[in-house]
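As structure tokens, the structure follows; a few thoughts come after it.
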């Protein structure tokens, strides 16, 4: 039997929109997603998916449920089959128990009761309360995150409320000595940070001591409820803001999270004293947010940022790294009133790929030609994880970092790596915080292809042999007007007069090939979400992959 805690963890981790959109075409509508119901015939969309709450409901036929129930209904699977299918898809390990089904309601209730005892103790301990306030925490924040304190009086509270001590030992609240088998408080004399599941249930604690010789932070031990390698501190309060802002700030400490929330950055979370791992990714990816790593600039912080960036870059996640130098961290900046400076820094992260390449270069003695050669091989090996377009974007950066001739990297034109900044803002520290310039936008590419066709309409016969108007997302009307020879169309005239569309002799075929490539790359994303039968999806995906391979080898492929 699959443990209930394992089922809960799966439901809390997976994104219901990602699950359902692989079966049904969803469109955003306010805070929800809508579609025509897959469980009954209808013409107008009445099937609603709530990403934040993790459920779907059809206002037409009444079908409703969570991700598991949807997969069961759509694929006609049993409960266990649907669970195992989702776990396999999202790389989540299910735990099985051969014994009787076990409900964790009592465990959650016990931890909530203990958390309440800790909270009461903190407000009866002026010294510890003053410490937190001196660190910049307001009373409202202390209450919102339900901070507490573990003192000897907690023993009395446990006895007085008749809480199950054996259970509390299992849950890591109490320990038992090896010698006399007496119980003791594991978090004695520590400020307590309750740690919640994504569904806002207490699953464990982090404890901070003010004593110098003891370990500064300790967490609850691993249990059926508490897995520090997959939990994120503050996520239960941040998740709605993450979905709305499409951005998540990952920090290193509990206090960083609380102070960031207090300063208005309510999309901040933290790992539980561990590095970011693949086990965190399913939860971190929910809602497809931009991921900002906000780490200390010391050696440990740089190493953690490097390992996380390697993982996130290979996962093709949007976002980047912000390192805080001179022993600063977000908590310090907020406490010092530097909120605007912090906001500016968070607006200009260094992209994951760029950060990795710079760290790789820094790890070699580049005055030594042999070391430089090793660095080049490592950096190019890393770039092989990405598309040819991305590789071409970052090769000039490698040449700059290694002071290597451009032709060594296969670069013919005299180009250099150009970080991109939004036109509305100018960062204070461009040498550290940069967005990498992306490949030409699809809209620009569509304009360029149509401009070539306007300048030389004999190319139109070539073009229509390979493409149709469905290739264009932004300039479909202009292409249709051109095919219908409506050359006085104002939009076509505007393109003809656009001075920002550089044409090169013999360049049309290259741009046409790139436009077709973009089309098939979109198909790879859209086909799995279509309503086609599984066998047809596989055929279409295979065709798209073959086309992409030929296009990258320089062939033109008809759509």
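Glycine too: its Cβ is placed from the backbone N, Cα and C atoms.
A quick note: this is a predicted structure, and the numbers were derived from the prediction, not measured.
Given the ranges 12-36, 37-61, the record in Swiss-Prot names 37-61 as zinc finger.
There are 14 other CB atoms within 10 A of the CB of residue 298 (Mg(2+) 2 binding site), with all protein chains counted. For residue 252 (Mg(2+) 1 binding site), other Cβ atoms within 10 Å of its Cβ number 24. Here the domain 'Toprim' (246-327) returns a mean pLDDT of 91 for the predicted model.
Residues 11, 15-17, 20, 23-24, 26-27, 29, 31, 67, 70, 73-74, 239-240, 243, 286-287, 531 of the same chain lie 6+ residues outside the zinc finger (37-61) yet bring a C-beta within less than 8 angstroms of a C-beta in it. Counting every protein chain shown, the Cβ of residue 296 (Mg(2+) 1 binding site) has 21 other Cβ atoms within 10 Å. Spacing of residue 252 (Mg(2+) 1 binding site) relative to residue 298 (Mg(2+) 2 binding site) is 12 Å (Cα to Cα, whole number). Secondary structure from DSSP puts residue 298 (Mg(2+) 2 binding site) in coil.
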